[in-house]
Structures are given as structure tokens and as C-alpha cells.
Amino acid sequence: MILLLGLLYTVSIVGNSLILFIIKEEQSLHQPMYYFLSLLSVNDLGVSFSTLPTVLATFCFHIREISFNSCMVQMFFIHFFSFIESGILLVMSFDRYVAICHPLRYATVLTDARVVQMGISAIIRSFCMIFPLPLLLLRLPFCKANVLSHAYCLHSDLIRLPCGDVTINNIFGLVIVISTFGLDSALILLSYVLILRSVLAIASREERLKTLNTCVSHMCAVFIFYVPMVGVSVAARYGRYAPPYVHTLMSLIYLFVPPMLNPVIYSIKTKEIRQRLCKILLRRKF
């Protein structure tokens, strides 16, 4: 388990750091699509570093306790970065929509200032949604056995521990999930329906495939983010009698797989990133 977690963290941290370095150094990548990819990489680093302290403490130093306040802080940042990632994937789908459906307006619609505004909006929205969660938990008495299911603090795990009425917490949690993940996924789906309609209008089969190929990386990023998230939500709400390892496995996939696979996917599918990465590797070799 230690070796697996070490590998996941290494690939995630090194991979996302390389993506940021390559985009910074490669002038041809200074365009909206890659600015959003930079935001995604920074966010994935945030997810990794949010879980790193307690995972290291649990599996490397066998420290299985965390203070209540530290747990609240970790819970806030884990969900904060998760909500930001959903917003980034949404604006990336908008980028693909404009690039494919309105290519002549791309430069005027997605200016540098607008890219910054969209990134800041995703951050502010996430903060406003997540900030009440720890406050709602702090008002409750914790008198049960305060044992967590994971090596980090998730709201779905903490909500089981209070002995007071958690109805408000559950309602608020459901509302923010629907208004963020639910709305974002619906808008992403809508953008791809419009993209597909535009692509099918292209006469040449080769051009259709070439256009769709520009969306493959983003579609993979959406898939590896939303599918594990849905799995964790379903397991938390309806898997009370499921074996503990099911919850642990789902949360590991949810928090570790997207930050690890995103840089791998974009390195494979993006020619400029792949070429620059090969140059870096060759330079190290010789």
C-alpha cells in the first residue's frame, strides 16, 4: 500500500509540475486551452497536497489520530479543490465549444482577461459553496466513537459522527452537489451535444475525426473525475452495509486517480507537450 500511494503521489506531483513547466516555457501553448490546463494542474496539485499529510502520517508513521480542527481544515480543502476542478472542466468544455462551433470568434470571446475571470469565478464559487460545511459541522456535538473510514477527512465520513440532528447538513450538502456537480455535468453534456452537431455537419470524415480528436483529452478528464465522484456519493449514501474496503477503494480512486491521470492523458494526446517532454527526457539522458 505504501509503495502504491508513493507511486500515485509521485506521478501526480511530478506530472502536474511538468505540465506547468512546459506550458510556461512553450510559447505555442500560451493560449486559452492551455491556460485552463494549467489551472487544472495547479488544482490537482492542491488535491494531492491536501491529502498528503494524513496519508503519510497514517501509512508511513502509523499516526492514526488527527485533531478536530485539523480535520475540518483538511475536509475544507479537499472539497474546495474538488469543486474547483468541476468548474475548470466546465470552462474547458466551453473553450472546446467556442473553438469548434465558433472558430472565427475564438480570439475575441476567450481573451486573456476573460480566461482569468472564468478561473477566478470557479475559485470564488467553490469557496462560497464549501465554506458553510465546516461551520455547520462545528455546531453539532460529537459524542460517538470518532473513527474515520479513510486516512483523510471527507464530509460524507464526518457527517456520520455527530449525535445531533444532521438534517440541515444533509440538505445543504445535497443542494451544493446538485447546484455544482449536477449543473456542471449537465452543461458539459450540452456543450458536447452542440459540438457533435457541429462536427457532423463537416463534410470530410478526416476533418470530423481531427476535430473530435481535440476533445479526447478533455472527455477523458471529465470521465475520470465524475465517474469516481458518483461512485463515492452512491457508496456513502446507499452502501452502509458494504465492506469497508469498498468505501476506501472508491475514495482512493476519487482523490488519487484524476490528479495522476490528467497529466498522463494530456502528455499523450497533446503533440506540443509530448514533444517538449521528450526533449526534457533526452536532455536528462545525455
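In case you wondered, yes, glycine gets a Cβ from its N, Cα and C as well.
Just so you know, TrEMBL annotations never went through curation; they're auto-generated.
For 15-266, the entry in TrEMBL reads domain 'G-protein coupled receptors family 1 profile'. The transmembrane segment feature in TrEMBL is assigned to 6-23, 35-64, 76-94, 115-138, 171-195, 216-239, 245-266.
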Notebook entry, point to check: Which range out of 35-64, 76-94, 171-195 gives the transmembrane segment (216-239) the most CB pairs under 8 Å?
Noted result: 76-94
Checklist line | Confidence summary (mean pLDDT) of the domain 'G-protein coupled receptors family 1 profile' (15-266) | finding: 89
Check: Can you name the far-off residues of the same chain, 6+ from the ends of the transmembrane segment (171-195), with a Cβ under 8 Å from a Cβ of it?
Finding: 83, 86-87, 89-90, 93-94, 96-97, 100-101, 125-126, 129-130, 132-133, 136, 155, 159, 215, 219, 222, 226, 229, 233
